[in-house]
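Peer 1: My questions all concern the structure below.
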Amino acid sequence: MFASKLISNSTAAGRKSSAFVATYDVAVGRNSYFSTPTTRRNSTTPTTTTIDSSGFDKIGCVGLGLMGHGICQVAATSGVHSKIIAFEQEQRFLDSGNDRILKSIDKLVEKGKLTLDDANDAMGRTEFTTDMDALRDVDLVVEAVIENIDLKKDLYTSLGEICKPETIFASNTSSLSIGEMAAFSGRPDRFLGVHFFNPVQLMKVVEVIKTDDTDPIVLEKGLKWVEEIGKVSVLCGDTPGFIVNRILVPMLMQSMSLIDRKDASVKDIDVAMKLGCGHPMGPLHLADYIGLDTCYFIVSGWMEKYPDESDFFIPACLQANIEAGNLGRKTGKGFYHWEGEKRGDPVY
Ligand code: 3HC
């Protein structure tokens, strides 16, 4: 396999020109609608753009789980950074993140979507470490650790002390408040959200989240960076679920309510939404794919914070799956049976 030919870690290889990176067709993305410099119509955006590039030479990726490994990989293969510091607190999580990146890169090389040289360059630019001090002089930290606000607050307190004052922090949280985390970083003006989608390697959009305190230049840098790594940015304020999850997660809950009421089967709900709405996966398939624990965590957090919002509720079948330890793809059972990455028959 190609992974055996990949260098897992080495001195930094040459930096690619940004022209190489700009391969994604952004016809419907920011380049066409928001060419620079421009005046923007959306009140959540600054009025003008003033920068040509993010200027992020060296970046840090904190957390190499499901989302974090993908973000690290996409940043590394984009070729725009001289160095990517991939950080996990524990060696076993660092190793599994490294392994996930190698497996995904292997797939891309095998399918001819990435050359072996580019794959080796990407891995050569990536330093895997459990030493937080290595993040001291990065220009950007992208954080994708587990969704625990207390853990994130502690992390940002430490990062705020360790990183140089200019370092910008960006959280990949899917449902927590960016402002709440920013307050613990000691640099709320240099803090934003960058919310990627699973699988990060394939999903093209990234939500960029600003708070009232985010410096407009920091926001511009965040938007530019998303474009530089080959994704399309959309901008949103610091509101629960941002754009996608605010629409998607209540839809997932509604699909589970149909199950609770025995109105339709798992298979028919998914077929209906695939063929009726053109979704690539039906909602129950997607819930399993995301992880039922993640869905549960998002909604229960919102219910606690916004008890009057009727869209935020936990269907009985989700509750039952959680209690039984059936979390979807990751445990082999949820609304479907799973064999690794392969979805099997519906459970009911
Ligand atoms: N790395 C590299 N390659 C990968 C990969 C990865 N991580 N994952 C899949 N691939 C490859 C596959 O090998 C396959 O390659 P091939 O076409 O050459 O055989 C290709 O990508 C397509 O994969 P599949 O054949 O498995 O299946 P699909 O064509 O159905 O595409 C999908 C998969 C892109 C996941 C598509 O089904 C899809 O778009 N599903 C919806 C996903 C979605 O909605 N994500 C958002 C979830 S919400 C979220 O993330 C927010 C969070 O906060 C909760």
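Every residue, even glycine, has its Cβ placed from backbone N, Cα and C.
The feature CoA binding site is assigned by TrEMBL to S104, K111, S174. Residues or ranges marked as domain '3-hydroxyacyl-CoA dehydrogenase NAD binding' by TrEMBL: 58-238. Per TrEMBL, domain '3-hydroxyacyl-CoA dehydrogenase C-terminal' is recorded for 241-338. According to TrEMBL, the site 'Important for catalytic activity' annotation covers H195.
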Peer 1: Could you tell me the C-alpha distance between S174 (CoA binding site) and H195 (site 'Important for catalytic activity') in angstrom, no decimals?
Peer 2: 6
Peer 1: Measure from the CA atom of H195 (site 'Important for catalytic activity') to the CA atom of K111 (CoA binding site) and give the result in Å, rounded to a whole number.
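Peer 2: Per the Cα atoms, K111 (CoA binding site) and H195 (site 'Important for catalytic activity') stand 27 Å apart.
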Peer 1: I'm trying to understand the geometry here, so how far is the Cα atom of S104 (CoA binding site) from the Cα atom of H195 (site 'Important for catalytic activity'), in Å to the nearest whole number?
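Peer 2: Just about 20 Å between their Cα atoms.
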Peer 1: Run through the Cβ atoms and count how many others sit within 10 Å of the one on K111 (CoA binding site).
Peer 2: 8
Peer 1: For the domain '3-hydroxyacyl-CoA dehydrogenase C-terminal' (241-338), how many residues does DSSP put in helix, in strand and in coil?
Peer 2: 63 helix, 5 strand, 30 coil
Peer 1: Rounded to a whole angstrom, what is the largest C-alpha distance between any two of the residues S104, K111, S174 that the record assigns to CoA?
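Peer 2: It comes out at 30 Å between the most distant Cα atoms.
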Peer 1: Three-state secondary structure of H195 (site 'Important for catalytic activity') from DSSP?
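Peer 2: Reduced to three states, the DSSP call for H195 (site 'Important for catalytic activity') is strand.
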Peer 1: Taking every protein chain in this structure into account, which of the binding-site residues S104, S174 has the most other Cβ atoms within 10 Å of its Cβ?
Peer 2: S174
